[in-house]
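What Swiss-Prot records for 1-146 is domain 'Clp R'. Taken from Swiss-Prot, the feature region 'Repeat 2' applies to 83-146. Summarising the annotation, Swiss-Prot assigns ATP 1 binding site to 206, 207, 208, 209, 210, 211, 212, 213 and lists similarity to another entry as the type of evidence. What Swiss-Prot records for 342-547 is region 'Linker', and it gives similarity to another entry as the kind of evidence. According to Swiss-Prot, the feature region 'NBD2' maps to 557-755. Taken from Swiss-Prot, the feature ATP 2 binding site applies to 607, 608, 609, 610, 611, 612, 613, 614.
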């Protein structure tokens, strides 16, 4: 035993056997201890070796446990258990076998053969079940191939393909892959490249979510169906998992050893295996431990060039440029196959192909109009992602929402249940009372409780019946899908009798049951459970993701939009044309008649200070979002220098703040449906207007990091004081001299706000008083302002130069200041009504 050189796993098995014998109080380490240690090893080779000779490892393990239970125990023995004669013989046999096979280490498979040799109880057990020494030796090739054991951890390289990859063709045979619709040109191009003699390595390049991985799954399905040229017939497509290959590689060289084992297996398959690596850029640098170290990319280069490894890669445009193109030697070994984003029409076709899978998974019905809505709405509103992925996600989430509602108790049942609980508590309280009134009330309450319990039972039964009907349909659909998969498998395997029995017997039978169950599920009246995904459900998900109201307008919202001028007019006085223009823009967008490739509206508001330009933008945000803060306000006076343009869209690469994004672009990316106010636009540097040209015309803007930000659901309002006080012609002349023609030409409308008339001031007084009243509501104070007092405020607060702002200050001074003093002095208390009148001399207002 001087030359005994065990692998890490063999040493671990011997240690585990020693510990097990010691814990059980056995004086000797018997072959049964060694066998149990080998069978219970994580990632051990004993179980696969037994399976390779047709023996069930669980059976052997159960027998070994019974043997261990019968072993003698020595109590009080302090010394460690020693190897028994049979165990020593097994280890010696393993050592001789390793020498015979020219292996440098005694591996666990050598030890398994040693345990099966001789006349020990374990040897009889293994041989009796068919795991004879000769059978186990013949199985070596299946498990470890023709490789010699030259490292202390060879087990990590055994069955490397099974450990570190997924067989896509096997998954396709089992029907576990989603159907691939379209993409014929891309699959044909992949097949052409794979059929080459050398450099037969296509790399699928495209944006995330366009279906690169699906193309490889489509190839696997075609190979299984036999719909490929002779050169690819009966080939196996495996998806390599580099993550699991790197995971747990503790020592330098361990990752390379695993990868080499996988590559050797692929090489030995003589071209039968096509390898797929998703996220191909991960091979660059994978497993490298320092400068100049070998990584996965460098290890596979020679095989790629010689055509020994047929590799299909998939990666995005950015990552291909960043990682693969940098390594020219690696890039030249790949043939690029560009995968573009499918059109909306193609996406609808893809969704129709996937519809059955999602219906079976969620147990709901998905209407065709929902699929069309998913494709169109995702294309229109979810701009940062790509079809068909974003459309599939919409359908999936809408269906999962509906499934969650079906599984939850309906609101009607919840309400009745709470009422029953409340009545039961009342009943218990009244039962303790002795007076006649309480007894009479108790009788009425019991009658009501009985009615409500009956109603609850009826509702629960109805809900349960509806749920059962939906479950029956789902189970039948699952059954049908399983049978169709079995039928396809039987046909491929040439079992025509089974295929005929399924296709003409069991499948029509289940289809008939489904046809009978569907009308029953659909014909219910006053349904409690909705089981159909429609366009409105898709629109709800879009709204939840983006905040954009994409759904059909409800009656309440329609009425609200039709009277939009009245609502905005309550806040902005005397500017009918501006209110009309903004209202028309919002209605066009919500009715779907606006140009989808431009912002909802873009306006320039001109006029003197204090006439309501900024107030209209706030009122619009308040109207649309019920929150006046839901507005991006950019004070253009802060953008007077040339370099400040970078603050709007984000600093370019190489500058400080590059990773932070721009103030305008980031605000719109986070909230794509918003009002953007560019206040005092004339104070900005002229270069800022060049940035806005693209927004006004195309509805998009590229930020400092190269991302396109969508402005198509925003309303842009630019305010300016240019030419204020002049005539309309003078104002427009000032605008034309300050802004370039291409900038003015891209605006929807240039609206001139007129100075306020004295008659309009009373309405503004009402607005200012209403705002003050809202602040006083917390103290339950009510102001009663007389008409003369309002007229006094309007007269004193009017200033044609400064607009309505002096009026706000006057309300604060004449009413707010007096009221504050009276509250502090205790003259006015919470809940009081405070009258406001003009003083006898007409110089001030009197409170109280």
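Just so you know, glycine gets a Cβ as well, placed from its N, Cα and C.
For the binding-site residues 206, 608, 612, the greatest number of Cβ atoms within 10 Å around a candidate Cβ is found at 612. If you take the C-beta of residue 208 (ATP 1 binding site) and look for same-chain residues 6 or more apart in sequence within under 8 angstroms, you find 316, 385, 386, 389.
Of all the binding-site residues given, namely 209, 610, the one with the smallest number of surrounding CB atoms inside 10 A is 209. In the three-state DSSP classification, residue 206 (ATP 1 binding site) falls within coil. A gap of 41 Å separates the Cα atoms of residue 614 (ATP 2 binding site) and residue 207 (ATP 1 binding site). In the three-state DSSP scheme, residue 609 (ATP 2 binding site) is classed as coil. The CA atom of residue 608 (ATP 2 binding site) is located 53 Å away from the CA atom of residue 206 (ATP 1 binding site).
Closest to residue 209 (ATP 1 binding site) in space, going by CA atoms and restricting to the binding-site residues 610, 612, 613, is 613. Neighbour count (other Cβ atoms within 10 Å of the Cβ, all protein chains): 23 for residue 210 (ATP 1 binding site).
Around the Cβ of residue 213 (ATP 1 binding site), the same chain contributes 278, 314, each under 8 angstroms and 6 or more positions distant in sequence. Across the structure, residue 611 (ATP 2 binding site) and residue 211 (ATP 1 binding site) place their CA atoms 54 angstrom apart.
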